[in-house]
Amino acid sequence: MNYQKLAKWLPYLFLTMMAMEFVFIQMRTGRLTIGSDSIFHFNQIYEAEQQIKNRNFSYFMSIYAFHQSGRVINAVYGPILTYLLGALLLVVKSWYRLQVITSFLVYLVAGCGMYWALKKAKVRSWIGALIATIYMTMGWVPRWQMGSNYSAITGMLAPYMLLVIIKILEEKKLPWIGLAALMTISVESHLLTALLLSLLFLPFWLYALRKSEDQKRFILDTAKAVAVTIILSLQVLLPLLLISKTNLLHMPQRMSLIANALHLAQPSRSIKTGLLIDSNTRDILSRWVLLFFLLQAAAAVILRKKQKFNLAITAYGLLLLFISSKLFPWQLFQTSFLSKDLQFPSRLVSIAYPLLLLGAGISAEYLIAWAKQHDEAMLQLLLVASLIFFTGSRVKMVNNQIYSNSGWGYMPGVKKSHTTFLGEDNDPADFEIVQNTSHTDNPGYFIFEAQKIVPDYLAVKKKATTKKVNYSFFNSVVLKNQGVNKTVISGGRIKLTWTKRQAGKQQLPVVTYAQSSLTVNGKKVTNYKKSLVACPTVLSKQGKNTAILSFNDPCWVKAGIALSLLLNILAAIWLIFGKRLASKVEFR
């Protein structure tokens, strides 16, 4: 009995040790890795941490971070996840500790999800553990540690959608509670994650609907899942609806689709460490991983009569892999909404890789069982050794990449960015100052030293290019901050004070929205000149001046957010402590 319990927990212990190894590699250097999205998301997290710490909340306005500009970010960009990370930062205190701990959690949650999906597909434990480890080394999952990319959330959650898919194909009925929980988590973390998980789920949902003996019940359960997801996600959807319908927003910038599509890359050696790097993260596909997938495709075709599910998931995975790559004519879609909303076609690998690895696990299980049944010891040994060797090689390659990046302290290209400022001059001395601030127990030091201009969701006076919006924000907010003192006061408001030698005009380094309320020297101001990014220019008196900025969201939005947050808390308690419900949500 004890042996059975040990055997049950060994895969989880193994995955935990692998997740620990990935973060231990970074701990050997003792450096924070600053990635392409790190500074932006760290501002989000710092905003939440400071609001919790000071018990002064502003759901919409940024009152502590983003240059204390009053811009709306957290309300429309993963508020629940951001507040959870803010609470964690309040406990661990430094950015370095936060990155290490959250990276460990992302690896572990992703690995366990992949393992559960393989177990649900009746793949033996040791194969499942190895395939899950491979998954932890590829795609966007490692990019949380390397670049603070929220697409890692897609990679982390995608295996759990596989559990839903396997269940509906086996039972021809929808586990709507579990589906609603998964989709709610994805919406509240990263809207694009929810869209990608829906894309992963849709073909199998259509097939299950067609095969269902009770299609009305199946559709009703789907409607319940959608309704619950919408209600629980109101705290994201309502703010997004409010500011997008009442303001002219500058949305995420257009990116070159073809330049950010998946492509093959040769192994290279790190300039910093000399280690061999055969990357398979973000938009890079290793030749060895491609060979692994092609072998899986061949196995799925050969075994197609006995394993139709394997053939289906492999075919869909290969289709998504093709669409994510430069082989797909992405240049034809550059002027479409995809260049702004998807930006990186390589994001599709977040749902392609889980499908292909699930298929690989099913194929390996069948072939090893067949070899054992037919006394093909050499074939069995070859299959086992190949899988172990491939897993080990992928672990080594991602470890080399983690060590090299953390050795530098930043991802390649970060210091070349025209909108990223590490210290005053972006020189080595300034960068070391930034690195040192990541270890202090005051996370605000890092936010002050490391700055990145990101124009997403700024209210603009008129449509303009991202370059012009960035320039306007830098000149109207970042530079103007030096002449105006900002303090946060009760009610989630920003107080601005400045001194004028003589009466005249003063541009305030804050941004405004249709819902913003501005009071200058005790009088509410509504008619004022705005810069491109809606920074107000007001009349000042001689001497000391005071302005107060607040955000007035409608009562129906406040009520919807409050209801949604309350229901989220109740749903979490129900899921965690409700024994009867746990059996309904159980996918494994």
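Yeah, the Cβs are placed from backbone N, Cα and C, and that goes for glycine too.
Annotated transmembrane segment per TrEMBL: 72-92 (among others), in sequence order.
Within the chain, the transmembrane segment (98-118) has long-range Cβ neighbours (under 8 A, six or more residues past its boundaries) at 11-12, 15-16, 18-20, 22-23, 26-27, 32-33, 45, 85, 88-89, 92, 127-129, 131-133, 135-136, 141-142, 144-145, 148, 152-153, 155-160, 162-163, 166, 354, 357-358, 361, 587-588. What TrEMBL records for 98-118 (among others) is transmembrane segment.
Summarising the annotation, TrEMBL assigns transmembrane segment to 125-144 (among others).
The annotation transmembrane segment is assigned in TrEMBL to 176-205 (among others).
Taking Cβ pairs closer than 8 Å, the transmembrane segment (225-244) reaches residues 59-60, 72, 75-76, 78-80, 174, 176-177, 179-180, 183-184, 187-188, 191, 457, 459, 513-515, 553-554, 557, 560-561, 563-565, 567-568, 571 in its own chain, all 6 or more past its ends. Feature annotation from TrEMBL assigns transmembrane segment to 225-244 (among others).
Same-chain residues lying 6+ beyond the ends of the transmembrane segment (284-303) with a Cβ under 8 Å from its Cβ atoms: 138, 262-267, 278, 310-311, 314-315, 317-318, 321, 325, 349, 356, 359-360, 363, 366-367, 390, 393-394, 397. TrEMBL lists 284-303 (among others) with the feature transmembrane segment.
TrEMBL lists 309-328 (among others) with the feature transmembrane segment.
Residues or ranges marked as transmembrane segment in TrEMBL: 348-371 (among others).
Residues annotated as transmembrane segment in TrEMBL: 555-577 (among others). Sequence-distant neighbours of the transmembrane segment (555-577) (same chain, 6+ residues past either end, Cβ-Cβ under 8 Å): 59, 80, 181, 184, 188, 231-235, 238-239, 242, 585.
If you look at the transmembrane segment (348-371) against the transmembrane segment (72-92), you find fewer than three C-beta pairs under 8 angstroms, all six or more positions apart, and that falls short of contact. When each of 125-144, 176-205, 309-328 is scored by its Cβ pairs under 8 Å to the transmembrane segment (72-92), the top-ranked stretch turns out to be 176-205. Same-chain residues lying 6 or more positions outside the transmembrane segment (176-205) and placing a CB less than 8 Å from one of its CB atoms are 78-81, 150-151, 153-154, 157-158, 160-161, 163-165, 168-169, 221-222, 224-226, 228-229, 232-233, 235-237, 312, 316, 341-342, 347-348, 350-351, 354-355, 568, 571, 575, 581, 584-587.
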